[in-house]
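Here TrEMBL flags 1-40 as domain 'SMB'. Annotation comment: TrEMBL describes 257-405 as domain 'AMOP'. The annotation domain 'VWFD' is assigned in TrEMBL to 417-610. Sequence annotations record features per position, and here TrEMBL assigns domain 'Sushi' to 700-755. Look at TrEMBL and you will find 728-755 tagged as disulfide bond.
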């Protein structure tokens, strides 16, 4: 008898497979498609209430469908008229892939399984939410010159109901901060409108909420079909964006918003006084905008202030771009933000309200999620956003907020080191050595004993335009893992599409471009540049370029003296970059043939391979074949024939770039050379942005300087060579230095200025 995939998805059984690779290999159990579920859509907000279709199993209409998430949260599903089953996603306090199972016998057995992607509430499409028309008006309602009616709109087809209710929910965290009993809760407060027509539009004039509800100042709206109970959980819903509930606050707020908010601000300030100081453990900011945009393993664009989207920086006047630290701080789960002006300098809150402010709660939350302060989005709102409304937006007490959320400067910031591989593979190591290695096989690009980081590369033979094989290779796949994280592989499929695999399964970016995964974050741009950000702060960037992959690896300074592989030993000294597995080294002046032997030495083994072998070709060529194909001999130094018309084209395209010239000659294709030239320039630019002055190896910051009491200063740049001038107010005399300069030592010249 054939084995069954019931309750066994992801396993390799005796006679057949229930693993995701079974389809392309043609070895699935007969019922694989029935029990291992494909769903659409595959993602939705962590707030839940989203209806998704199970594409596989056709059921009879009498089946009672239950969906169980994480083995514990059960929601009711249903069978539609077409016989297809549907589930409703639950409210979750975490993001990432959530395993779920389906029962068709009212919860007795759950033989079907799949995964649901829970995402940050701000990362779902606008169509999925109901829209607070003119959101500012909702959040400032009752403050001077803000009143009248409010309007809510939604896509009415989302709910199969003729009549709907609109509910108000509030978010709170109970228990003692940073203790075991600290809990997060979304609470149903009251129903704003009942049994209204599902037209997609509702307007009303808000009144202060009844009783104690009017003290809830942070929350969300939910639209549900009218036939459900008030506040019923995990039912079909449309949520609004989370927002400051100014529009329903108590009469005291409307009578004197400034006084009400000032009292709240002072109360918040007192509470902060008793909480641990998270600012001491968050990472410092990059010194310059160029560094912030280059350090992609540790910092990512803050969507609230993005230079690529026209620098609309509402909360940071004067800034052109902000970034957020990707990883939350270890103990307190806090977040860092860094903002820059049009000259590329950091803006500090000491000098301007447009400065960057760190966050007690990281906006994106942080693993393991589930409890404060690590709830995605909402912990951050509670500690860092609603308090900004109290102190800065509803009253004029922003100095209280800035005192508790001061910008970090960049005194302890150290840029990461970068290594790249591209084209007919050319390697630029962390320490700046460059070489060409044209082996055919699977190799260790970098591995580290510090975090068990492993990045492996597969090369395949390059081809001439007429389809015959060239005497060169290029990167066709890169696989990576750190500690016990998920395994990510980026590869060219056999029809030359770029694919990203998560634990052997091909991922779709059709709904989400950012994913919170185990031990890493994954991001894909529209044109398929893939960035993997590991929890150690190491980053891997991959893009398709001229038929091969171009790869960059960024490693923070703590990896110094902890790397090996084709990218060498990262220690600032290129002389030992040709280090073999047995720790012997070879001169950097080695011949191309010797470099070929060095590369072959770093071939991987099947036991430690991170690659997915899901086609006959991959199994035969790389799994059963040699990891380094010793019979493939590349061209070591291609011949330049002056009579060849290609050489003339090559010279005008490549100029003096040796990698570009090499690739044009090996592949006889100018496009390949052009891609290589761009990748090479990108690497040089990246290193330049990260290390603005290689002779100093770091950007020096002398730290913030205050103006003297009864005097003023000009200048807000605190980096090496900057000059700050001081003047005293009329009637005061200056002692100390009138001018101070930031020196190489990291100290300011001269003496403290007094008036």
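For all residues, glycine too, the Cβ spot is worked out from N, Cα and C.
Unlike curated records, TrEMBL annotations are generated automatically.
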Problem - DSSP-derived helix, strand and coil totals, residue by residue, for the domain 'Sushi' (700-755) - result: 0 helix, 19 strand, 37 coil
Exercise for the section: Across the whole of the domain 'AMOP' (257-405), what does the mean pLDDT come to? Round it, please. Expected result: 94
Practice task
Give the number of CB atoms, excluding that of residue 728 (disulfide bond) itself, located within 10 Å of its CB.
Solution key: 18
Problem - For residue 755 (disulfide bond), nearby residues of its own chain (Cβ under 8 Å, 6 or more apart in sequence) - result: 708, 709, 710, 711, 728, 729, 732, 733, 734, 735
Handout entry: Helix, strand and coil counts within the domain 'AMOP' (257-405) (DSSP)
Key = 54 helix, 17 strand, 78 coil
Handout entry: Composition by DSSP (helix, strand, coil) of residues within the domain 'SMB' (1-40)
Key = 8 helix, 6 strand, 26 coil
